[in-house]
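Working notes, beginning with the structure itself.
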Protein chains: 6
Amino acid sequence: MKNMIIPIFFLFSLLFSSSLGSIQDFCVADYSAPQGPAGYSCKDPAKVTVDNFVYSGLGVPGNTTNIIKAAVTTAFDNQFPGVNGLGISLARADLAACGVIPFHTHPGASEVLIVIEGTLCAGFVSSANNVYLKSLNKGDVMVFPQGLLHFQLNAGNTSALFFVGFNSPNPGLQLLDFALFKNDLPTELVAAASFLSPAEIKRLKAVLGGTG
Amino acid sequence: MKNMIIPIFFLFSLLFSSSLGSIQDFCVADYSAPQGPAGYSCKDPAKVTVDNFVYSGLGVPGNTTNIIKAAVTTAFDNQFPGVNGLGISLARADLAACGVIPFHTHPGASEVLIVIEGTLCAGFVSSANNVYLKSLNKGDVMVFPQGLLHFQLNAGNTSALFFVGFNSPNPGLQLLDFALFKNDLPTELVAAASFLSPAEIKRLKAVLGGTG
Amino acid sequence: MKNMIIPIFFLFSLLFSSSLGSIQDFCVADYSAPQGPAGYSCKDPAKVTVDNFVYSGLGVPGNTTNIIKAAVTTAFDNQFPGVNGLGISLARADLAACGVIPFHTHPGASEVLIVIEGTLCAGFVSSANNVYLKSLNKGDVMVFPQGLLHFQLNAGNTSALFFVGFNSPNPGLQLLDFALFKNDLPTELVAAASFLSPAEIKRLKAVLGGTG
Amino acid sequence: MKNMIIPIFFLFSLLFSSSLGSIQDFCVADYSAPQGPAGYSCKDPAKVTVDNFVYSGLGVPGNTTNIIKAAVTTAFDNQFPGVNGLGISLARADLAACGVIPFHTHPGASEVLIVIEGTLCAGFVSSANNVYLKSLNKGDVMVFPQGLLHFQLNAGNTSALFFVGFNSPNPGLQLLDFALFKNDLPTELVAAASFLSPAEIKRLKAVLGGTG
Amino acid sequence: MKNMIIPIFFLFSLLFSSSLGSIQDFCVADYSAPQGPAGYSCKDPAKVTVDNFVYSGLGVPGNTTNIIKAAVTTAFDNQFPGVNGLGISLARADLAACGVIPFHTHPGASEVLIVIEGTLCAGFVSSANNVYLKSLNKGDVMVFPQGLLHFQLNAGNTSALFFVGFNSPNPGLQLLDFALFKNDLPTELVAAASFLSPAEIKRLKAVLGGTG
Amino acid sequence: MKNMIIPIFFLFSLLFSSSLGSIQDFCVADYSAPQGPAGYSCKDPAKVTVDNFVYSGLGVPGNTTNIIKAAVTTAFDNQFPGVNGLGISLARADLAACGVIPFHTHPGASEVLIVIEGTLCAGFVSSANNVYLKSLNKGDVMVFPQGLLHFQLNAGNTSALFFVGFNSPNPGLQLLDFALFKNDLPTELVAAASFLSPAEIKRLKAVLGGTG
């Protein structure tokens with residue numbers, strides 16, 4: 001019986017094998033090859049293993065002993081090669097009591113958030129300057145449309161944990177305070193383009209290490 | 001002083017107001033209007049509230065007292081109007097001991113999974129028939145490339161919980177057993193197109209309520 | 001000879017006419033029908049005229065007698081029906097001496113700018129907090145990548161004029177000051193999420209007409 | 001035994017049924033509802049039948065007794081509702097001896113052609129004005145990149161038949177002769193914009209029924 | 001006269017030549033350079049010939065003397081370099097009497113099929129488990145929405161031939177039997193994730209050469 | 001006080017720095033590395049400067065002393081590395097009195113035009129052969145849908161200047177006269193595929209330097 005099966009299998013296999021040699025269901029990032037607008041070059045499929053599709057870095061709480069009492073840990077394509085080219089990624093955020101993920105945008109992606117522990121106050125502002133603000137509890141989900149300014153505050157007495165998903169392998173993350181105050185953009189330009197007072201700008205530049 | 005501020009504000013506001021009247025950062029689903037290939041029609045922005053962007057349905061564990069000892073609860077655009085048009089959605093899965101999310105595909109989306117509780121055995125199969133199989137613990141992340149057959153099994157003794165994100169507001173979900181056995185596709189056609197034995201097909205049609 | 005040509009023309013026309021009846025090269029916005037994630041519904045092609053593809057609103061300088069000494073006039077899909085669905089739009093900016101288009105983002109589009117009159121100081125900040133700052137003269141072009149914070153200042157003694165193009169019919173426009181200060185987001189939340197001092201926030205809320 | 005199976009089936013079904021009610025794998029065109037940039041509105045899935053996904057209009061040879069001795073029959077979204085929103089369509093072309101599908105472009109799609117009967121001479125011209133010209137026999141495939149001018153001539157003594165696929169449900173079809181000569185664009189404008197002689201333009205306007 | 005024409009041509013050519021040097025209407029696959037998420041790197045346009053856009057491999061019937069009495073021959077980007085980056089490809093299928101293309105999905109593309117010879121029974125199953133089943137004759141067209149399980153059976157007494165087009169240069173092809181039985185996925189996992197009996201799984205693993 | 005600020009800054013910085021190292025907001029073209037379907041490879045972000053995002057080539061009027069009395073100067077991704085991957089580009093057109101940008105298409109982009117100086121007569125033709133023709137004055141905007149044949153004529157007595165934006169970093173540009181007459185496509189093929197007379201074709205081939 002086995003003798004009969006082998007040739008059948010052989011015939012069956014012939015069918016698609018030649019054309020399927022390089023079928024590309026995924027494009028695991030090869031960090032040593034050129035990167036293009038659509039992402040990293042693809043690792044040789046023969047060298048891809050399941051570990052390229054698994055990431056354990058989000059299992060560890062971030063260190064929240066810092067000024068914002070919060071930490072964001074990302075699983076974007078530059079850390080997690082399996083998401084390259086697949087249009088998806090995620091991140092975790094840990095907030096100690098009084099912690100905050102301050103105003104920020106993701107230039108190239110929408111975000112969905114799910115609360116795992118604690119209570120948040122989360123909000124975003126639309127182009128029409130409307131505020132969408134909500135208290136979120138464990139299990140609540142909130143979506144933040146692409147590119148809009150948003151923030152998440154720990155609104156409870158205990159630490160909070162949430163995960164976010166993005167529809168891009170590299171959504172970007174522009175923190176408002178960093179963009180305004182943590183670089184060498186001259187104070188007078190920041191003032192002219194933001195209407196903030198020079199004193200306030202200098203104060204925050206000092207906190208964040210900006211110059212100018 | 002206040003007197004001076006009012007006219008300044010007035011002048012400042014004039015600037016962009018006319019052209020920004022209908023700026024559309026989002027397109028909250030209006031379930032009563034026509035649906036197109038890109039999603040539901042948009043609700044009037046003036047009637048949109050923050051509650052359209054928040055969903056609480058994932059906070060409740062699904063009922064796992066069923067044959068697969070598991071439950072999937074989705075937050076797709078047909079339940080969660082805020083994700084319409086934003087290219088993103090999510091879902092939760094609860095698995096009792098021995099529970100399983102059986103073989104399935106998402107025709108239009110890639111998926112990222114994060115384990116919240118328990119231990120999973122998760123895997124997917126590529127077009128080249130390679131198996132990517134991994135034991136996942138709390139905090140582990142795994143990505144499943146678009147359209148490929150995959151499954152998740154509870155590999156521990158306790159219940160398991162995980163969340164998944166998708167890069168589509170409506171990723172679809174095709175369960176293999178349902179597609180093959182839970183409809184009226186005649187047994188002889190299933191047999192001819194799957195090489196499963198008619199007896200096996202009839203057995204599973206009976207379990208799942210399929211006919212033919 | 002003419003007699004012969006008529007039937008030939010008739011035969012020639014037969015060829016494609018039935019199938020081409022509703023060919024849709026464009027989708028001029030019908031503002032009275034539902035809007036979806038991809039844009040407005042399409043006007044009946046039989047009622048489309050060339051005027052739907054032409055817009056004269058950018059020919060008139062904006063009124064710059066306001067606090068920012070500048071004005072932006074847009075030709076987005078909500079004013080200019082012909083760009084609906086075509087992935088493109090444009091705008092003009094007029095800046096009096098000392099005028100500024102303050103920090104803002106376009107959540108869904110990249111921007112190219114061309115200087116027509118005057119001298120600008122323009123800049124954007126990347127997610128990595130690097131500043132890309134340049135003095136631009138008549139005829140100079142600058143590109144601003146999608147979703148990043150940027151500004152344009154009149155750096156000369158005379159008025160300045162520039163045009164911008166976007167790769168979206170509705171790129172959105174989120175002005176930082178408006179988002180932070182021109183709505184009812186409570187001062188303490190703005191402070192917590194921005195590290196700005198409550199006094200500074202209240203000062204700018206007063207200027208812009210924000211409450212809370 | 002049957003008694004046991006029914007409740008199991010019932011429990012199994014509970015699992016996904018509520019959330020899957022409106023899963024949308026496809027969007028069959030509803031020609032009576034508004035059309036948007038992404039295509040026609042979707043027919044109620046409950047009313048969709050297999051006949052919406054099947055089209056028989058390409059089984060009949062086109063009538064080639066006309067000036068070009070050829071006929072094109074399309075299966076685009078305006079005839080074939082099942083392709084709406086799916087990014088794909090197709091067409092057949094029949095060419096009698098000496099028949100030709102004259103110079104044309106598809107503004108929104110690339111094309112693949114496969115020869116079923118006869119011999120063709122097919123070609124396209126690139127933006128760099130290079131000519132890519134080939135004699136094609138039965139079974140040969142040729143691809144025409146998006147938007148480039150191309151043509152197909154019957155190069156044999158017998159009739160020819162080929163099918164083409166497009167990566168759009170509505171690729172458009174702009175025939176060069178029709179665009180230049182079969183409308184009311186004034187002869188002097190055609191001449192100025194094409195460098196063709198007015199006499200030649202008038203000759204072809206007469207053949208094709210153009211005016212002006 | 002010729003003398004006069006040359007300088008005119010020279011002046012005319014000056015116009016666009018410098019900027020058009022590297023215009024890229026296409027991106028013929030260079031199999032020796034890195035591959036990215038959007039496809040293969042582009043061959044130097046100067047080395048591209050018409051033969052890169054033509055493929056003759058579909059002109060030869062596939063060998064159907066195998067267990068499924070059928071053969072699929074593909075013209076995807078890994079065989080046909082001209083379709084790289086153009087979002088389109090195609091394939092042919094030959095079915096001897098009683099031949100079948102068993103249940104399969106294309107993870108990244110929709111498919112249109114046209115029958116050239118013979119009679120098919122073709123069907124697909126939606127996420128809602130509805131079956132869309134049809135008998136197809138010569139000239140009939142059927143569309144299979146992206147990512148859904150489908151099959152094609154020869155329903156006649158003679159051999160059948162059909163061509164399919166895809167809206168991707170590399171649509172992928174996941175054969176259900178291969179995914180379940182033609183690899184080393186352990187029988188107990190296949191059983192747990194499919195509800196098939198271990199005996200049935202082992203039987204098909206033996207036929208297809210799977211292990212475990 | 002400064003002593004206290006430094007450690008705070010340090011703690012604050014820790015937060016996101018590791019994960020943001022390779023955030024990619026843009027992909028400035030590296031002309032020395034492979035090009036793919038989505039554009040050029042990205043320059044190392046550490047070597048990117050603001051000058052990559054600024055282009056001065058459009059500040060200089062083109063030379064219009066040629067047969068068409070016009071010149072087009074482009075800022076596409078092959079000249080302007082900063083637009084690579086950003087889906088946007090632009091160009092300027094100078095027309096002397098009686099100048100014309102003759103019939104052409106952009107195979108991969110829609111176009112918006114804004115008149116800076118002079119008066120134009122501009123038009124496009126749809127797939128349905130309708131002509132959309134308009135006289136445009138300073139400040140007028142017109143949109144040309146993707147892939148359709150269009151032209152712009154100087155309709156005034158003075159020189160004209162306009163800028164155009166495209167929703168692609170490399171929109172392509174196929175000039176009708178060049179495609180038909182400025183290459184080696186044999187006269188009899190041009191005649192057969194265009195219905196132009198061989199004499200007219202030979203006349204224009206002579207003007208443009210075509211052969212065959």
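Just so you know, glycine gets a Cβ as well, placed from its N, Cα and C.
Nobody curates TrEMBL annotations by hand; they come from automatic prediction.
Here is what TrEMBL records for this protein:
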- F:H104, F:H106, F:E111, F:H150: Mn(2+) binding site (BINDING)
- F:H106, F:E111: oxalate binding site (BINDING)
- F:C27-F:C42: disulfide bond (DISULFID)
- F:56-202: domain 'Cupin type-1' (DOMAIN)
- F:1-21: signal peptide (SIGNAL)
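In this structure, the binding-site residues F:H106, F:H150 were compared by how many other Cβ atoms lie within 10 Å of their Cβ, and the smallest count belongs to F:H150. For the domain 'Cupin type-1' (F:56-202), the DSSP-based tally of helix, strand and coil residues reads 25 helix, 56 strand, 66 coil.
Around F:H104 (Mn(2+) binding site), taking its Cβ as the centre, 22 other Cβ atoms fall within 10 Å, counting all chains. Confidence across the domain 'Cupin type-1' (F:56-202), taken as the mean pLDDT and rounded to a whole number, stands at 97. Residues near F:C27 (disulfide bond) in space but far in sequence (CB under 8 A, at least 6 apart, same chain), listed by position: F:G39, F:Y40, F:S41, F:C42, F:K43, F:N84, F:G85, F:L86.
Under DSSP, F:C27 (disulfide bond) is assigned to coil, being neither helix nor strand in the three-state scheme.
Same-chain neighbours of the Mn(2+) site beyond F:H104, F:H106, F:E111, F:H150, judged by a C-beta within 8 angstroms of the site's C-beta center, are, in sequence order, F:T105, F:F124, F:F144, F:L148, F:L149, F:P171, F:L173. Mapped onto three states, the DSSP output places F:C42 (disulfide bond) in strand. For chain A, the nearby recorded positions by a Cβ gap under 8 A, listed in sequence order, are F:C27, F:C42, drawn from F:C27, F:C42, F:H106. Every protein chain considered, the tally of other Cβ atoms within 10 Å of the Cβ of F:E111 (Mn(2+) binding site) stands at 25.
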